[in-house]
Amino acid sequence: MAIHLYKTSTPSTRNGAVDRKVKSNPRNNLIYGQHRCGKGRNARGIITAGHRGGGHKRLYRKIDFRRNEKDIYGRIVTIEYDPNRNAYICLIHYGDGEKRYILHPRGAIIGDTIVSGTEVPISMGNALPLTDMPLGTAIHNIEITLGKGGQLARAAGAVAKLIAKEGKSATLRLPSGEVRLISKNCLATVGQVGNVGVNQKSLGRAGSKCWLGKRPVVRGVVMNPVDHPHGGGEGRAPIGRKRPMTPWGYPALGKRSRKKKRYSDRFILRRRK
């Protein structure tokens, strides 16, 4: 991804750094409208996920995470921007006339061919079961449940690694550092998700952040005591607690929040970093 810097004519362009322009011209049969309700509220109207609301209207692109067009070669026709994720998407024209969107693999260009199946080449963008991949393969869009579609390593720049195969399971090292067991029959896509340099982007101004549906973040230490455990005090005061707390009084910043005795604990060999 090429980072573009604007001329320093205004404060927003002086501080902004965006990626190259990738146009979005979605097909009508692969998009549908969605009503973004809630804005971080639950059924009672209470904020459960903060700093959400507003944002530009979006059309959802239907992405083929299952890759169930077996043994039919497809050609990459376009590489498009998707407002619903930080990775780019590719429009694929298959040999039988089917047209679908997939996540853009890093390095894929218009005109490349891809295929899904059991006995397909180990090349970028191809989808096949883990049992048919050699050890050390870089993969993304990984299934957890067979036939449900890819659920792991789908963000921009994400990549997992196949490190072992034993019995009915394969061992993967995920982008978070977690080492996990997954069925060898589950599908995954070879390669890394594109748009690797997305973390180098700088929006440059608060308005660009609002377009993404993200509202301003206020520190708890500048609030009143009624609003946050860190609030109150005369002037600039410390938080007055042994450790940082959430707005609801629970430990924050480093406290493990995963529930104990989950069914999936048996598949996790090493927790994420």
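Cβ coordinates are placed from backbone N, Cα and C, and glycine is handled just like the others.
These numbers come from a predicted model, not from an experiment.
According to Swiss-Prot, the features are:
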- 264-273: compositional bias 'Basic and acidic residues' (COMPBIAS)
- 1-21: region 'Disordered' (REGION)
- 224-273: region 'Disordered' (REGION)
For the region 'Disordered' (1-21), distant same-chain residues with Cβ under 8 A (at least six beyond the ends): 194-198, 200-205, 207-208
Distal contacts, the compositional bias 'Basic and acidic residues' (264-273) - CB-CB under 8 A, six or more residues away: 171, 174, 176-182
